[in-house]
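Before any comments, here is the structure.
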Amino acid sequence: MNNHTLNIIILAAGKGTRMQFDHPKLLHLLGGKPILEHVINLAQSLCPKTITVIYNKQYKKFKIKNKNNSITWIKQKKILGTGNAISQIINNYKDHENILILYGDVPLISKNSIQKMLLKKKNSTITLLTAKLNNPEEYGRIIRKNKKIVKIIEYKDATDEQLNIKEVNSGILIVSSTNLKKWIFQIHAKNNQNEYYITDIISLANKDNHKINSVRPEKNDEIQGINNLLQLVRAEKIYQKQQAKLLLLSGIMIYNPSNFSLRGTLKHGKNIKIDHGVILEGSVKIGNSVIIEPGCIIKNSTIGNNCTIKAYSIIEKTIISNKCIVGPFTHLQHGTVLKNNTHVGNFVEIKKTTLGSYSKAKHLSYLGNSQIGQKVNIGAGTVTCNYNGKKKLDTIIGDNVFIGSSTQLIAPINIKKGTIIAAGTTVMKNIHEPSLVYNEKKQIHKKL
């Protein structure tokens, strides 16, 4: 089929009341992005003539945020069912074209399954995506007579006998625009929901002796709909299983795929090992020969080659260069850059700071708004005091500086390269030349 005659309608106007949540259903996240976005991405990958999203007022902000000249957004005036939604726009389409109907709450459909439908559509007026399920739950049932599809009955309108049918309707179908224009205005709302069902066109097509084909999805999991939080969790599990499988097949060792979560995109090299309970969010890049230990959370960050991220570290909007060691229990916040061969250890927090090559902060420190040179030692308990109550202030530390334990650096401050700062020192002024810096303190002994 020529996709230049393919028009896609995405139905996204349902109220989502079964979610029991004060958040639009299709804006809940699946794999780190809104449910609806998955369906839009699928539609765009098919390169159709047009894409139209029929939405309700809950999605106005999402529409504005995702404004795209290739997508038309139509607000459903009254929420009276899928048939009513399509009747609002059907006359916008030319005759003798094809219309693919997707659902905003069925986000796991693969491109391969849709392409199978497109091929089958050449020999029919309507092609449905159906599946046989051992536990059909609340799906509409496919009614056949002598193997021929004659009707779709929705779950709430089905008899007990019909509910025993295992073949179900995914909702996804391809139909000719010419016939849809005719049938869409013949359907009625005489059902338990008092809604106009798009599925009623099947019985109308059968009466007019039109051929109705069906196609099975690549996997039954693809047709998982999302109407409540339980189904969302189920869909997330399916999605993460798919992502873990793809990564394993591409050479990433994931030790516990059932406890790995990719909530965005990952670009990666070779020889990567990811342990139990790791979460990757947003856009993440990982180089070659990287080890990520249990419980790490990595968001919108880049990790270079030959790095080890030790257990329970949190890394966000950070660039880590090559041969670095991070963690365990390290928090790297936005604006952090670790140059080659750096080592950041236990209970160290870094924010808006560049740590130069071969520098190390191995224990219990806070470094904020800092530029730190090469081969600098940050002793345990070092704190950059970078906030004066009104604004953040900068700390600059030159190369080869040694900072002893339990040191406070009062920003703004500039410390010359080669300086040695003794343990327990509070540094309040710039150090303009290599120096030994300490605060005089008396050690007092009193007899008990």
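Glycine residues also receive a Cβ, built from the backbone N, Cα and C atoms like all the rest.
According to Swiss-Prot, the feature active site, proton acceptor maps to HIS363. Taken from Swiss-Prot, the feature UDP-N-acetyl-alpha-D-glucosamine binding site applies to 11-14, LYS25, GLN76, 81-82, 103-105, GLY140, GLU154, ASN169, ASN227, LYS351, TYR366, ASN377, supported by sequence analysis. As annotated by Swiss-Prot, Mg(2+) binding site applies to ASP105, ASN227. Taken from Swiss-Prot, the feature acetyl-CoA binding site covers ALA380, ASN386, TYR387, SER405, ALA423. Annotated region 'Pyrophosphorylase' per Swiss-Prot: 1-229, in sequence order. What Swiss-Prot lists as region 'Linker' is 230-250, and the listing cites sequence analysis. The region 'N-acetyltransferase' feature in Swiss-Prot is assigned to 251-448.
Structural mapping of features recorded in Swiss-Prot.
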{"residue": "GLY81", "record": "UDP-N-acetyl-alpha-D-glucosamine binding site", "Cβ within 10 Å": "24"}
{"residue": "ASP105", "record": "Mg(2+) binding site", "Cβ within 10 Å": "23"}
{"residue": "GLU154", "record": "UDP-N-acetyl-alpha-D-glucosamine binding site", "Cβ within 10 Å": "19"}
{"residue": "ASN227", "record": "Mg(2+) binding site", "Cβ within 10 Å": "15"}
{"residue": "HIS363", "record": "active site, proton acceptor", "Cβ within 10 Å": "16"}
{"residue": "ALA380", "record": "acetyl-CoA binding site", "Cβ within 10 Å": "18"}
{"residue": "ASN386", "record": "acetyl-CoA binding site", "Cβ within 10 Å": "23"}
{"residue": "TYR387", "record": "acetyl-CoA binding site", "Cβ within 10 Å": "12"}
{"residue": "SER405", "record": "acetyl-CoA binding site", "Cβ within 10 Å": "16"}
{"residue": "ALA423", "record": "acetyl-CoA binding site", "Cβ within 10 Å": "14"}
- [ ] Fill in the CA-CA distance, ASP105 (Mg(2+) binding site) to GLY81 (UDP-N-acetyl-alpha-D-glucosamine binding site), as an integer in Å.
- [x] 14
Task: ASN386 (acetyl-CoA binding site) and GLU154 (UDP-N-acetyl-alpha-D-glucosamine binding site), distance between Cα atoms, whole Å - done: 63
- [ ] Take the C-alpha atoms of ALA380 (acetyl-CoA binding site) and HIS363 (active site, proton acceptor) and report the distance between them in angstrom, rounded.
- [x] 5
Task: Intrachain neighbours beyond the region 'Linker' (230-250), with Cβ under 8 angstroms and 6 or more residues off its ends - done: 19, 28, 30-31, 35, 107-108, 221, 224, 257-258, 260-262, 266, 268
- [ ] Counting Cβ neighbours within 10 Å across all chains shown, tell me which of the binding-site residues GLY14, GLY104 comes out on top.
- [x] GLY104
Task: Site extent for acetyl-CoA, whole Å (max Cα pair distance, ALA380, ASN386, TYR387, SER405, ALA423) - done: 22
TODO: Kindly report the helix/strand/coil residue split of the region 'Linker' (230-250) according to DSSP, in that order.
DONE: 20 helix, 0 strand, 1 coil
TODO: Give me the Cα-Cα distance between ALA423 (acetyl-CoA binding site) and ASN227 (Mg(2+) binding site), rounded to a whole Å.
DONE: 60
Open item on the list: Please report the distance from the Cα of GLY14 (UDP-N-acetyl-alpha-D-glucosamine binding site) to the Cα of HIS363 (active site, proton acceptor), rounded to the nearest angstrom.
Closed with: 52
